[in-house]
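Engineer: Below are the features I grabbed from Swiss-Prot:
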BINDING   79, 80, 81, 116, 117  substrate binding site
ACT_SITE  131  active site
């Protein structure tokens, strides 16, 4: 049997949830990239690309929502440290015929990583796209939200395989 209390940093020796103490960790440059897809009808993608959505510029709204969400991650995820982010970028790329790819990059000089901020940015950007387009396509699917890479800190560099970075079907 695996002792998960030893493997999971947010669980103490009694099995209770806790916020990890990072005060002794050195300040280093931390960067994370996450991505996700919103799969939709081809007509919905055309509407977004043409800027014809009734609620306005879908991609601009989703970018801003993703950036705002990254900045609020510590408020949304209970055991996540509140961080002063030095940079957040969210890009949204239409991928013919039926999806958009969202990529978020988060950066800070700090004692803990920014993976949750990047993942939160992608998630909220995807939800914003869904919200703005649901009147014409309730069957949209938010899919494959994953950490693409992270660097900085004791655990070093992580990179998902390059083939997972492209706009592609499952």
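Here the Cβ of each residue, glycine as well, is placed from N, Cα and C on the backbone.
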Engineer: Rank the binding-site residues 79, 80, 116 by the number of other Cβ atoms within 10 Å of each Cβ and report the first-ranked residue.
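Structural biologist: In terms of Cβ crowding, the pick is 116.
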Engineer: Over all shown protein chains, what is the count of other CB atoms within 10 A of the CB belonging to residue 81 (substrate binding site)?
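Structural biologist: Residue 81 (substrate binding site): 16 neighbouring Cβ atoms within 10 Å.
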Engineer: Would you mind pulling the longest C-alpha to C-alpha span across 79, 80, 81, 116, 117, which the record has binding substrate, in angstrom?
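Structural biologist: Comparing all Cα pairs, the maximum is 13 Å.
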Engineer: From the centroid of the CB atoms of 79, 80, 81, 116, 117, the recorded substrate site, which same-chain residues not already listed sit within 8 A by their CB, in sequence order?
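Structural biologist: Apart from 79, 80, 81, 116, 117, the close residues are 73, 74, 77, 82, 83, 112.
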Engineer: Quick one: give me the count of other CB atoms within 10 A of the CB of residue 131 (active site).
Structural biologist: 14
Engineer: Rounded to a whole angstrom, what is the C-alpha distance between the residue listed as 'active site' and residue 117 (substrate binding site)?
Structural biologist: 21
Engineer: Show which residues of the chain containing residue 117 (substrate binding site), separated from it by at least 6 in sequence, have their CB under 8 Å from its CB.
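Structural biologist: Non-local contacts for residue 117 (substrate binding site): 32, 70, 71, 73, 83, 85, 88, 106.
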